[in-house]
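Peer 1: Following this message is one structure expressed as structure tokens.
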């Protein structure tokens, strides 16, 4: 498109291409939303018992009246509203101290099992020092030492458990019903005249709960959310500076000035070609790798109650960060100072400036997409790095079966980074689909390989850490529409730069995108936000074990832990048998 002269009649073809890309996207998004909605309903209509379908999360519970405990107050409130279907409640407690004790206890058990494995293998009693990281302090027998610590920790744990249950109850609870239809209705109902009291939502999966966030009050959550949004906006704004700096300094010419001793190396033609082609992109990928955990931390700080919800929130932040800093930042960085002068004279010319800068960076983004599917999917399919790490750990570090399993564990699909990464590629593809259509070939290869490879990895390699029944899709849909919206705005600016008087015909597409997003949200989103009653009324294969459902929500640190459990008992018996034989 850069070769087309101003006011050329050929610009009609490009306008037609903008309409074609937009209309095909609307059609595919509508079909996809219906398909995913149907898949979600089928999964939730399962005849198997799903614990979270029989529970609701209640927050912002008022203080109980005099003479009633928190649990009695909650039970009486819900028993009055749901006399026939209310089962029981689990009051959320402040567990930070008991969690620490429980974590120490689990660590001691692992160390005892490891010491026992070493003992069986070498027939020598393992020893360790009791000081910092086992490097200083008194030398002791490991098995006796960890046995003593376990017994001591069990006593502390039991005492703290009693204290937590009696004195550290919070203003939140999980409430259980014997009917999942009633639970679905309760999760969608307003229970109090005051919206900041008895706030009810669907209960997340037991393994998803962020317990420390459940006690946070409604208005505190709202304030936190807006503060985090403001902080993320500042982060996005100021991250533009290092992104632009990296884009500038990692060009080979600038790198030779900054690091003179690499000049003999870059004179080698092969190395020079690789560095010129991939160095800025690799630097950018490494720089972005530090970001996801920070954004996940911020999302959890909003007071979000579940891990999957926090990951979705972090994913959205990461997407907008990637688009604004990586895509637009790199686009503007190519002619930064000229752009600053133009914007200073005419601040509302940002779209024109972006549209003018876009073609100049086509090669960079083509290379970026190619690097992502050649290197990224190559490493993903081979999993060579996790394989090497696993075998090194197994050979030199792992002594017990549990340690081998822990070293092998592949983790989940990492939606928090993978989805924004794919959405960035889609944004780049949209924005260059008309200006540099060759990018469509790269995009087809990227998403085609992604479908084959990641489908295999999801089914046969990764272990899901949670199940949210498709709740990520509405967020993906919104990001795709945002990418399409950006494409349409940039094409409006680009056709304007070409002085095409009919560029105004792109404006209806921009309006259609906004209307389409609104219609999709009104039609589909509530079905993802809540479980539909017609979905919940499907008959189950067997009656639910309500006590088992209740126990699944009890935190591990509040479950009973005795030193006579199976692993501890087995380790001690083997040690005692060998000691007896040695003594004989």
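Cβ coordinates are placed from backbone N, Cα and C, and glycine is handled just like the others.
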Peer 1: Out of 423-454, 551-582, which range is noted as transmembrane segment by TrEMBL?
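Peer 2: It is 423-454 that TrEMBL annotates as transmembrane segment.
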Peer 1: Which sequence positions outside the transmembrane segment (500-520), separated from its termini by at least 6 residues, show Cβ-Cβ distances below 8 Å to it?
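Peer 2: Here the qualifying positions are 6-8, 11-12, 15, 18-19, 22, 26, 29-30, 33, 477-478, 481, 484-485, 488-489, 491-492.
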Peer 1: With a Cβ cut-off under 8 Å, give me the same-chain residues at least six positions beyond the ends of the transmembrane segment (12-30) that come close to it.
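Peer 2: Same-chain residues near the transmembrane segment (12-30) but 6 or more away: 1, 4, 430, 433-434, 477, 480-481, 484, 487-488, 491, 495, 500, 502-503, 505-506, 509, 512-513, 516, 520.
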Peer 1: What is the pLDDT of the domain 'CSC1/OSCA1-like 7TM region' (224-494) when averaged and given as a whole number?
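Peer 2: Mean model confidence (pLDDT) across the domain 'CSC1/OSCA1-like 7TM region' (224-494) is 82.
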